[in-house]
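Marked as compositional bias 'Basic residues' by TrEMBL: 143-152. The feature compositional bias 'Low complexity' is assigned by TrEMBL to 188-207. According to TrEMBL, the domain 'CXXC-type' annotation covers 12-58. Here TrEMBL flags 65-131 as domain 'PHD-type'. TrEMBL lists 133-172, 185-286 with the feature region 'Disordered'.
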Amino acid sequence: MSSSSRGPGAGARRRRTRCRRCRACVRTECGDCHFCRDMKKFGGPGRMKQSCLLRQCTAPVLPHTAVCLLCGEAGKEDTVEGEEEKFGLSLMECTICNEIVHPGCLKMGKAEGVINAEIPNCWECPRCTQEGRTSKVGVKGGRERHLKKKPKPPLASAEGPAVPSPSPQREKLERFKRMCQLLERVPDTSSSSSDSDSDSDSSGTSLSEDEAPGEARNGRRPARGGSGEKENRGGRRAVRPGSGGPLLSWPLGPAPPPRPPQLERHVVRPPPRSPEPDTLPLAAGSDHPLPRAAWLRVFQHLGPRELCICMRVCRTWSRWCYDKRLWPRMDLSRRKSLTPPMLSGVVRRQPRALDLSWTGVSKKQLMWLLNRLQGLQELVLSGCSWLSVSALGSAPLPALRLLDLRWIEDVKDSQLRELLLPPPDTKPGQTESRGRLQGVAELRLAGLELTDASLRLLLRHAPQLSALDLSHCAHVGDPSVHLLTAPTSPLRETLVHLNLAGCHRLTDHCLPLFRRCPRLRRLDLRSCRQLSPEACARLAAAGPPGPFRCPEEKLLLKDS
């Protein structure tokens, strides 16, 4: 689509990325086409920078940085379940004006736009459809000019009604598929190559039946001499795509010579990033006497707002202020939506603690973040939806020590099992099956519908917990306390902080069980209706080795 076809309010065309799911994306390079021969790993100069002909994606998708032109938010179709709601929150790119918008932001129905079923997230928006725009709309003198053509009468034929001509995108896709089929038949014998030539000739003729004689496809003029064929030096016949002849033709003769041996492959890595300057250059040409280490010590006393102001001073300060030592914790809580620049800024700073509580983060955004924050130690996701939190099941977090999942809606035992169990795609021959929460020391599960089955999985796959928050869990009772303090429980020797506030099923019979935990320093039993203050006072007086003190009723603390 040319630049002349965009209206005055049209957005810039975004380059699409691979879908990584189609047959072309998952296959390897052929090593025979001219793009593969140009690659450095096949011994070429590496100038074209193009992918293999057989690996050209047939369904490219929008990049993850694409946002809506009207509301500025990314696609959030993963947060809903209905088909109509998913369509209203997904990003759609218009093939005419190139605008990327949410269909729900246009306040128009789905039937008013023309959806392209071949390419994902692609349509003709209702605005262009109502105004009668086509791909040949031009702009001249700042005003739109609509070129309306008279409808051509259908060509009469003896067999029946005329078949409508396919769209240009459909023709391009079919040409690409036929080209791939012909390239796969190259090593065959001469008879198979001649058969493929005849098949391609018949297919090319059938596609060009609807065109007028002497007129090429897509409105191009025919080549000089009345035909689109050209003779090259090697005697092969090459036909320009779009003409009535075959797409590719091979010489009828003996089989091609054997392929020469491939050269040795080498891994080509990008050049290393330039090191940050150690000094601050001044306008006079000299350097500031304070080195970079001294400036970083000064920056450590500033907050996030002051650091962002310092980044605007000069380019050197901007690079220094991205140091991860200045951003140990980043708080994005209570945000309605997270934009792609915000996610990129988080990845550049590499914080150790990230707070995303009560935000509208989607599963795709969270998975993109966690795969790029391998040093993350604390993650707060309280108040988010389970559709987003389920990204933890496929993201590696080797350094995670604190996980906050309080007040997440619609969490059941089956979903917690997916989070606690080891990943199913373990390598063959691997004897150790480590769960995703093996190294977590503090886990907050307040307000969830936990049962004893989930607690058994928690004891098995999170054995290093020292702080556990089960407050306001409606199903936690005396049997749950017995599981936590049983002789076979690994948490019996590691628990230091235990929060059971608001668990109304706890009774006085479970209080002696807490004496089995020798390292317990904090026990919160507030708002437990069936627990009497006298029984809590007797536990505080006896306690595990050493008495507790009670600053509040049913709150037991012990000085370390």
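Backbone N, Cα and C atoms are what each Cβ position is placed from, and that goes for glycine too.
Note that TrEMBL annotation is computational and uncurated.
Per-class residue totals from DSSP over the domain 'CXXC-type' (12-58), listed helix then strand then coil: 15 helix, 1 strand, 31 coil. Mean pLDDT across the domain 'PHD-type' (65-131) comes to 83 in this model. Per-class residue totals from DSSP over the domain 'PHD-type' (65-131), listed helix then strand then coil: 23 helix, 10 strand, 34 coil.
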